[in-house]
Amino acid sequence: MATDASPQLRSVPPPSDFHPEISLSRTPTHDGLHFWQFMIAGSIAGTVEHMAMFPLDTLKTRMQALGASCSVQPVSVRQALGSILKLEGPPGLYRGIAAMGLGAGPAHAVYFSVYELSKQVLSRGDPNNSIVHAASGVVATVTSDAVFTPMDMVKQRLQLKNSPYKGVAECVRRVVMEEGIGAFYASFRTTVIMNAPFTAVHFATYEAAKRELMEVSPDTANDERLVIHATAGAGAGALAAALTTPLDVVKTQLQCQGVCGCDKFSSSSIGNVIETIVKKDGYRGLMRGWIPRTLFHAPAAAICWSTYEASKSFFQQLNSR
């Protein structure tokens, strides 16, 4: 007797840890946005932030690199600014901005998209969990630092006084020929160790401050919401920047080593760099540039978060049509 040998089709339930909402498909993720929309919003926010605040970043780099080869007296923000304007003119404040432009967009696209996806996966239905926000920020910064670190190194070398490089292309070519590819990532470990706590403090503080400000005035209009995002971002950026300045000084030393009189280190050991800085400049040397760093990150974070949230609102309205 003939039998039906065709297989019986059964519906198999998806595994418990399957999250279709975070796939890269056309289905929107949380906040009603697609993955690519988070990337575009982040890219716009990062580019606007860094381009707008670039002169302060140049001041910070100059101040942090001053004590690399010998012990010097502390230099104020006004002195550093006056020196650049007198000797190089306003263009001196923008040396290296092309490298920043090439790195900031892609890095922040990765940064914010990974943050949003990590937050969704880790929150498990609790969107106000500060630990989740901090952990998501750490995951995002480690991923984006892998993209941004090479261009950040090029940017800082171009920012130095009397930089031997004429532009991004020459700097990349000479570093590859003279120092090897590894030189682009000499500060990667320091950058991650610095940015992990920076981002944890930044994101946790931002989300908490935003939530509190929203509760104070829950019925705010879109324009007022942008002010809330900017205020929360500025406070979070300033706090995180001040706390992580010593590691930022170490990062600058590693990225600029061997250029314009900066010390050359035998290894990328954080302890070795800190010991050298303290020996020549004392513990104050670890806080070089903290004022322009804080002045950079407070408005930069405000610009970044308000631009990011505005871009998200634009895409939300576009998707709702």
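Heads up, the Cβ atoms here are built off N, Cα and C, so glycines get one too.
TrEMBL: automatically predicted annotations, no manual curation.
Per TrEMBL, the features are as follows:
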type	residues	note
REGION	1-24	region 'Disordered'
REPEAT	33-121	repeat 'Solcar'
REPEAT	128-212	repeat 'Solcar'
REPEAT	224-314	repeat 'Solcar'
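Per-class residue totals from DSSP over the repeat 'Solcar' (33-121), listed helix then strand then coil: 71 helix, 0 strand, 18 coil.
Computed over the repeat 'Solcar' (224-314), the whole-number mean pLDDT of the model equals 86. Under DSSP, the residues of the repeat 'Solcar' (128-212) split into helix, strand and coil as follows: 71 helix, 0 strand, 14 coil.
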